[in-house]
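Here the structure is laid out as structure tokens; the discussion comes afterwards.
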Amino acid sequence: MSLLAIGINHHTASVDLREKVAFGPDKLANALQQLSQHEAVNGSVILSTCNRTEVYCDVKSGARSKVIDWLSQFHQIGLEELKPSLYVYEEQAAIRHLMRVSCGLDSLVLGEPQILGQVKQAYSDSREQQAVDASLEKLFQKTFSVAKRVRTETDIGGNAVSVAYAACTLAKHIFESLEKSTVLLVGAGETIELVAKHLHANGCSKMIVANRTRERALTLAEQFDAQVISLQEIPNHLAKADIVISSTASPLPIIGKGMVETALKQRRHQPMLLVDIAVPRDVEAQVGDLNDAYLYTVDDLQSIIDSNIEQRKVEAIQAEAIVAEESAAFMSWLRSLQAVDSIREYRQSANEIREDLLSKALLSLESGSDPEKVLRELSNRLTNKLIHAPTRALQLAAEQGEPAKLTVIRQSLGLDELK
């Protein structure tokens, strides 16, 4: 029983190679079935995302090259192309790597939480194919508890490191409750969709989506029960907005100083937060000069993100310490299991020898042999049988010039205690 992790990721391989080595839904089941039938593999879990492909296995001794060969053959990629980008971890290093990955310590965005869900899905997919053996079952369950511990004891995922999330975090800091706030979203692209998801997750239920094309805005609005307006209608609705978040591809500003000034008068100068994450700007810079208007640009958000990344790096130090501690503890537990198996096998072998010699001795007694002679012969044979393997091990260690091994065997047999 030996743990093995092989893979490629965004650190080691180009997008082109990662695409070639990915296990899509159409390939995954077949791959797990092949690994289950592989002579060198006891169990396997395959993790395949846009940034990494990794195969975790419980393997027989010396299976490293066989699993690499299998990966090469399965994807029909030459070893000369695959190997330079491939990393291989064994035993405790494999345990530590899986735990680091699951905690977001090896992610493109440090501390991102999505990877844990992807690892859980990979484990679930492998269980569906009955590819997870007892060792991997224990490893993945332990990994999930370690990831939970890292999230609980550190703040590695608590600081915004995406523009969309940073915009929502800023809004939460300025307004006491997003549940009571009305948000105007200008644009309906990917960034605004992410913003809407974060806002919705934080209790915001009053959203207005303004976009050039109504169809795209409707698609977004349906997800969050939002109102849809055109860009031309923004002046009529701006006064309703406590928060404005804008991200379009417009070459010219959409929201001007005069428009905001009018809206603030209608709001009786209740504060308005405007977050402009478009390049070029959607909101005129002069809006920031108005009292009660708080304008933040993508550059302002980037400084927040940079600061948060540094904070995550600090939190990662503690997370790494937790992973080191937990991976070492799991490896110790795994080794203790291996010792239990060895002890069981050794005891079984000794019992088989005893039963065999006892049967022969009883037959001799039944045939009328001298009991004393039978007992002496039994004790001699039992001694010779039981010391044969240790004696041979001592001889080999001495012949091969391995004093350290010789010392270990002597200690195991308790010979030094007899002096």
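Each Cβ is built from the backbone N, Cα and C atoms, and glycine gets one as well.
It should be emphasised that the depicted structure is a prediction, and the values quoted were computed from it without experimental measurement.
Here Pro113 (substrate binding site) comes close to Gly104, Arg151, Gly157: these same-chain residues lie at least six apart in sequence, with C-beta atoms under 8 angstroms from its C-beta. The annotation substrate binding site is assigned in Swiss-Prot to Thr49, Cys50, Asn51, Arg52, Ser107, Glu112, Pro113, Gln114, Gln118 on the grounds of sequence analysis.
There are 12 other CB atoms within 10 A of the CB of Cys50 (active site, nucleophile), with all protein chains counted. Look at Swiss-Prot and you will find Cys50 tagged as active site, nucleophile.
Sequence-distant contacts of His97 (site 'Important for activity'), defined as residues of its own chain at least six apart whose C-beta falls under 8 angstroms from its C-beta, comprise Ala5, Tyr89, Asp106. In the three-state DSSP reading, His97 (site 'Important for activity') counts as helix. The annotation site 'Important for activity' is assigned in Swiss-Prot to His97.
Among the features that Swiss-Prot reports, NADP(+) binding site is placed at Gly187, Ala188, Gly189, Glu190, Thr191, Ile192, with the record citing sequence analysis. Cβ neighbour count for Gly187 (NADP(+) binding site): 27 (other Cβ atoms within 10 Å of its Cβ, all protein chains included). Taken residue by residue with DSSP, Gly187 (NADP(+) binding site) is part of neither helix nor strand, so it is coil.
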_I need the CA-to-CA distance for Ser107 (substrate binding site) versus Gly187 (NADP(+) binding site), whole Å please._
29
*Residues with Cβ closer than 8 Å to the Cβ of Gly189 (NADP(+) binding site), same chain and 6+ apart in sequence?*
Ser247, Thr248, Ala249
*Within 8 Å of the centroid of the Cβ atoms of Gly187, Ala188, Gly189, Glu190, Thr191, Ile192, which other residues of that chain place their own Cβ, given that this set defines the recorded NADP(+) site?*
Leu185, Glu193, Leu194, Val195, Leu220, Ser247, Thr248
*Neighbour tally for Ser107 (substrate binding site), based on other Cβ positions within 10 Å of its Cβ*: 20
_Please give the substrate site's span as the largest CA-CA distance among Thr49, Cys50, Asn51, Arg52, Ser107, Glu112, Pro113, Gln114, Gln118, to the nearest whole angstrom._
15
*Compute the mean position of the Cβ atoms of Thr49, Cys50, Asn51, Arg52, Ser107, Glu112, Pro113, Gln114, Gln118, which form the recorded substrate site, and then list in sequence order the other residues of that chain whose Cβ is within 8 Å of it.*
Gly104, Leu108, Ile115
